[in-house]
Amino acid sequence: GRWEVEELKENTVPGDRGLVLKSVAKHHAISAMLTKAFIFDNKPLIVQYEVNFQEGIDCGGAYIKLLSSSDDLNLEYFFDKTPYTIMFGPDKCGEDYKLHFIFRHKNPKTGQYDEKHAKRPDVDLKKFYLDKKTHLYTLVLKPDDTFEMLIDQSVVSRGSLLEDMVPPVNPPKEIEDPSEKKPEDWDERPKISDPNAVKPDDWDEDEPSKIEDPDAVKPEGWLDDEPQYVPDPDAKKPKDWDEEMDGEWEAPQIPNPKCETAPGCGHWVRPMKNNPKYKGKWKAPMIDNPNYQGIWSPRKIPNPDYFEDLHPFEMTTVSAIGLELWSMTSDIYFDNFIICSEKEVADRWAADGWGLKKLVASANEPGMFSQLVTAAEDHPWLWVLYILTLALPVGLGVLFCWPAKKTDEDIDFKKTDISKPITKGELKQEREELDDDEIELEEEKENEDTVED
């Protein structure tokens, strides 16, 4: 596979270049020694780098390997079997989107190495592989045996090296005895057929599930003498038809036009209906098995391979970094690799690299209107949604703001409410009427007091 150092195809940062995988369906390998080996003791390990799938990704990986220190490590011969301590990064094939975190754990009893895989992140990773943007991948391993995986500085997965790896770092204390076998007379059936059950005398297993409907009547107008299909009268025998070679020519069949207006043609057959006498094959009812012994399992014995590694963080020292990849898509862009122990250092490194790329990409983003038009070009049904969204407020505005038509009742009501001028004579008359009313009320009150006395 071929590598190049190039600028990004889109959202280019002037003067900034990265490592680009250029070949398709090839094995690629490139690596470099670290200026200082990383020893897993009392400091965290932070691994961070950028990836851009400039052409999308069909099937291929973009993960890195931190290569294990050894006396015979020779990067001139770096390939897929070169021992590594950690593998981390994105990988995709078909619709399977992965973010790997794998570390090779040394068995303290046998000295053999086994791969331990972190559980899959719960978030949807698809957008990071298809949007053709530069994304920042970060792995943080801590001396307390915990880990975090981040994309664009947001945590997508976290867990414990002791509890969230597959297979687990530490094997079980007990295992099933491989020498034990299930006894031949062991009964694991919770239910059995009732041995005392007898098929009823009136149970007829030969009754069909469907029978002809005796109440059905042939529809009026049914054309018994007309076939459903007839030869095409417009068809003609091809000029190159050879009856000796091809046989006697026959016109192709077409639906009988006389049957189009009729309820049916040809021989009428009664429709079928469910047979009320049908019961099917008789089976004895199920009852609890009196001899049920439960699900058999072999006894547990101490695991001869058991060990307990309480600090799997103490991994094999790392002295080199490498990309060992196979891909069906070209132009995968890598940039700004960093291995350190201080989060502040990694964050500053990200701000100076990925942060600038993010700003440039944001500045080049199309406006909201352009995004809506582009989305509608890909999904034409969105135009209907846009029109309805615009039409709804306009329609409501017209409905509530359009002046209402005045009715005759409204006009009559308003006429009676019109105030009229009052003359001095009318005003004097109203006052006299009020005085008379007050005198009458006082007389009634005095009469009530007299009655009470």
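FYI, residue positions are counted from 1 along the chain as it appears here.
Just so you know, glycine gets a Cβ as well, placed from its N, Cα and C.
According to TrEMBL:
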DISULFID  C59-C93  disulfide bond
REGION    162-244  region 'Disordered'
COMPBIAS  173-192  compositional bias 'Basic and acidic residues'
COMPBIAS  208-218  compositional bias 'Basic and acidic residues'
TRANSMEM  381-402  transmembrane segment
REGION    424-453  region 'Disordered'
COMPBIAS  432-453  compositional bias 'Acidic residues'
What is the number of other Cβ atoms found within 10 Å of the Cβ of C59 (disulfide bond)?
14
Tell me, how many other CB atoms lie within 10 A of the CB of C93 (disulfide bond), whichever protein chain they belong to?
14
Positions on the same chain near the compositional bias 'Basic and acidic residues' (208-218), where near means CB under 8 A and six or more residues out:
268, 270-275, 278, 280
With helix taken as DSSP H, G or I, strand as E or B and everything else coil, how many residues of the region 'Disordered' (162-244) land in each class?
2 helix, 15 strand, 66 coil
